[in-house]
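Before any comments, here is the structure.
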Amino acid sequence: MAGRRAVARIGPGALLVLRALLAAAHPQCLDFRPPFRPPQPLSFCAQYSAFGCCTAEQDAALARRFRVLETRMDAGVWATCAGYALDLLCQECSPYAAHLYDAEDPATPLRTVPGLCEDYCLDMWQTCRGLFRLLSPDRELWALESNRAKLCRYLSLDDTDYCFPSLLVNENLNSNLGRVVADAKGCLQLCLEEVANGLRNPVAMVHAGDGSHRFFVAEQVGLVWTYLPDRSRLEKPFLNVSQAVLTSPWEGDERGFLGLAFHPRFPHPSKLYVYYSVGVGFREWIRISEFRVSEGDENTVDHGSERIILEIEEPASNHNGGQLLFGDDGFLYIFTGDGGMAGDPFGKFGNAQNKSALLGKVLRIDVDRKERGLHYGIPPDNPFVDDPGARPEVYALGVRNMWRCSFDRGDPMSGTGRGRLFCGDVGQNKYEEVDLVERGRNYGWRAREGFECYDRKLCANTSLDDVLPIFAYPHKLGKSVTGGYVYRGCEYPNLNGLYIFGDFMSGRLMSLRENPETGQWKYSEVCMGRGQTCAFPGLINNYYPYIISFAEDEAGELYFMSTGVPSATAAHGVIYKVIDPSRRAPPGKCKIRPAQVKVRSHLIPFVPKEKFIRTPESTPRPTARAPTKAPRRRRPTAAPPAPTPRPTKPARPTRRPGARKGGGRRRGRPSTAVPEPENGSVRLVRPAGLSPGRGRVEVFIGGRWGTVCDDAWDTKAAAVVCRQLGFAHAVRAAKRAEFGEGRALRILLDDVRCAGSERNLLECAHAGVGTHNCKHDEDAGVECSHQDPNL
């Protein structure tokens, strides 16, 4: 790794310089959070009115302490010592208060007097040594009061860069203070907070916009989970269409449950819309459906309310699109892929350039009315409603496979940017791109990929009239863009207006910021905070490399979802919240008051699993820079290399769950190791032709799969297995090898007795792993269901 090699060459003396440089990026308050800009000027510690760690209330409290000190000192002495008292009291407001008071480590006692530089301490001792006793209850400090050298040693800091008052003139600490920290190469250093884990390819996270501040997380297999503002998860799924969803465990299968969106006036009506893959015989389709929330439980969908709005046949198993969004206009925007395979080979110009095809498009429909024999209405201002050769649903064309789009909420103060539609469009051989989608525009595919021609004849067609992306990057940086969001949240003002996105294959986080004067977009990579930047409670500096999707919560804060194993059945997905360690909003400004929601399901509390890594490796970046604007020649004449043929089977498509295996966290390059199943994982093995949810139970323990004996096997044990597999109900516990004997495996569990609430069979009472008095003709099985068998 480039950064690692650099450190290896630096000697002990130079390493101190490096530490000082790293310290420049680490302002922190005594509450272990970033400093802020007070909403109103401070009257006592006025030097920290622009940026620091005190509110007006805290400033007033320090002023009261100052006045108390004045009453406890002789007037003549106070005239000499008041300046020292002001200096020391106000260091609680310093943007580096955590360093001044040795609060970097929450486990160590907090100083009562800030760390002082030697010269300052010696001068203060000479004239105002009695002030130390009044400032601090520390009796050890009191005992040193008469010994100048020992006292000043006691009040010194190990890191002298932070001692007062030298830190006030330290250029490394004060240049760009309060701005997003960037390294020498311009890589923005941010931190993360783990929000949820144990998810199977989390493809989407959305909120309902109803004031509840719940968020709903969709897994590729077809389950949607409800999370409350305290990050606990409801045990019962919000939605379960896993029996209808077409997907597989293959790493690289792009099919599955791909997107959802709540009606813009939710909960009146209490509708939501979903986007998923289905199979009918040997044909595959994408389906857009409407559901209603259950009248008896606002955290559960009425599964019988499904109304299919639109189905589009997919000629191949990849490039399925998957995004659903409602705009400010109240219309539903649907983002479809070009139908799959390489080079959009369907018809003379491909699906994406064919206005009469719904594939390779951005569609826009009205879900609140029906017309023309359709299950939806056509907005009257759709661009091609009067074109007899076009589908009226088409809003924009020339799309290859837009994976993750978002509407800009607009600047919180001015509203600038509101309604802009950003999309990441996955490329073919050379480029990934970010587009600003507008009504009636053509985004170039398959004529163009990024800024370059892909199909020479189409590219030279004067009627193409395509729009270039706002940004495109070569495959040196990544091979599968994941579109993100423009940050418009409250908590981190420095991020306002920053478009943050990523790449699924390289695990790279990236950002764009628009220059309002030129309209150009500036690219910056996003890195995890180095050194101690993120070393505070609740923050981490690493993530799993396969970036699947981005999200924003109801308050506008930014998240992303990634996994170490890109399979729809691997529970390795994690949701991370993006944190700016350089500056936060003033305390209390972003407080939310969630609307109350009745909870009828058991709650599963959130338990973080990810850890802060103390020596993160820097991320090597290619020397070739990604283009941030179009080349001067609008129409390149040279054709790109012929497209690489792609397999028609969905085992290794160009989009989500990637072609490479691996589960390493993103610090340097992703690891190539594939994690094995967790201890206690289960699977069902069933004879051919048997429906899903029924089969012989096999359990993974100690690195191997094995069977379970049916002694004491009952529906409580079956319920544990079914819940692990994503089913809400256990219909029955099967015995006597009803679903076949697992003779090739060892018998791993016997005499299993469960209460029914355990997370896996290992938590149930049992005879001991590998201990049994049975044969395979007693192999246990289960029958699971998404529906209550008693209804």
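Cβ from N, Cα, C; glycine included.
For Cys722, the partner cysteine in a disulfide bond according to Swiss-Prot, taken from Cys534, Cys590, Cys774, Cys784, is Cys784.
Distance between Cα atoms for Cys784 (disulfide bond) and Asn240 (N-linked glycosylation site): 13 Å, as a whole number. Put simply, Asn240 is the one of the recorded positions Asn240, Cys405, Cys423 whose Cα lies nearest to the Cα of Cys754 (disulfide bond).
Of Cys527, Asn679, Cys722, all annotated as recorded positions, the residue with the shortest Cα distance to Asn240 (N-linked glycosylation site) is Cys722. Around Cys490 (disulfide bond), the same-chain residues at least 6 positions away in sequence with a Cβ under 8 Å from its Cβ are Pro412, Ala555, Gly556, Glu557, Ala585, Lys589, Cys590. Using Cα positions, the member of the recorded positions Asn461, Cys527, Cys764, Cys774 nearest to Cys191 (disulfide bond) is identified as Cys527. Here the candidates are the disulfide-bonded residues Cys423, Cys722, Cys764, Cys774, and by Cα distance the one nearest Asn679 (N-linked glycosylation site) turns out to be Cys764. Minimal Cβ crowding within 10 Å, among the disulfide-bonded residues Cys187, Cys423, Cys709, Cys722, Cys774, is found at Cys774. You'll find the Cα of Cys534 (disulfide bond) roughly 12 Å from the Cα of Cys527 (disulfide bond). Across the structure, Cys722 (disulfide bond) and Cys405 (disulfide bond) are spaced 35 Å apart at their Cα atoms. For the domain 'SRCR' (682-785), the number of residues in each DSSP class (helix H, G, I; strand E, B; coil) is 16 helix, 36 strand, 52 coil.
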